[in-house]
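Working notes, structure below.
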């Protein structure tokens, strides 16, 4: 019963930022801009994904002092990233009071096989996923929120779209098998393809969606990008490099928040998309060497 209560508490926090925008920030000034723009939360990190991609090297957890400065400066929730499998980085982030931990493929993985046992923590976790199997495995480990991996730092939404479609298609298969009474197929799918307990599969079949909130992330750079992902069924969006690598961060941040809340109103999205200044320079995915693709980290 204690485990259930803890899971409900973690998932409850994740639902608090539903329909909102989480913005990457690297300093107090950016965090205040994000808060004033209406961000539901900020992700505190020393380098946005675009800079990590360009500068290379080993990307690690941010300096706790920088994260605490941002926590002191804003009233909205503050998230921070830990490396995949690096449970000590997660312990540190929990100890300084971050509101949610992102076990992130944007940072250099500490463990290429094992993810963090998120059930051992009080703080809720968000994790990336490219398909239903990855999403459910992270939920089985204790994740309270899922996000598409996309391809961070590119300003190109194509991978986020691909990952969201893959999750939706997987859910449709589960629901279809369940409604047709094909329990043997569901058991086989759980065991051989998704590699998760049947209990989670049945929860998906009943809810007809993931049992936790599912945000879009990776390559979102414009209000239309945010609305696109929301119309595909996302519960909110993460925006990394797309705001503070653009020509007018303050206006673009507000526009993306407006588009996320009003994702089904094209006239309003068109209005807030006017005169935003230059968007961040995007990268075509096929121009990225295979070994530099971040979304492949952590399956």
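Backbone N, Cα and C define each Cβ position, glycine as well.
Just so it is clear, the model here is predicted, and its values are computed rather than measured.
Feature list (source: Swiss-Prot):
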type	residues	note
BINDING	24, 153, 219, 240, 241	D-ribose 5-phosphate binding site
ACT_SITE	81	active site, schiff-base intermediate with D-ribose 5-phosphate
BINDING	165	D-glyceraldehyde 3-phosphate binding site
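Shown on the structure are the features that Swiss-Prot records.
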residue: 24; record: D-ribose 5-phosphate binding site; DSSP class: strand
residue: 81; record: active site, schiff-base intermediate with D-ribose 5-phosphate; DSSP class: strand
residue: 165; record: D-glyceraldehyde 3-phosphate binding site; DSSP class: helix
residue: 219; record: D-ribose 5-phosphate binding site; DSSP class: coil
residue: 240; record: D-ribose 5-phosphate binding site; DSSP class: coil
C-alpha spacing of residue 24 (D-ribose 5-phosphate binding site) relative to the residue listed as 'active site, schiff-base intermediate with D-ribose 5-phosphate', in angstrom: 10
Separation of alpha carbons, the residue listed as 'D-glyceraldehyde 3-phosphate binding site' and residue 219 (D-ribose 5-phosphate binding site) (Å): 15
Cβ neighbour count within 10 Å of residue 241 (D-ribose 5-phosphate binding site): 25
Cα separation, residue 165 (D-glyceraldehyde 3-phosphate binding site) to residue 24 (D-ribose 5-phosphate binding site) (Å, whole number): 24
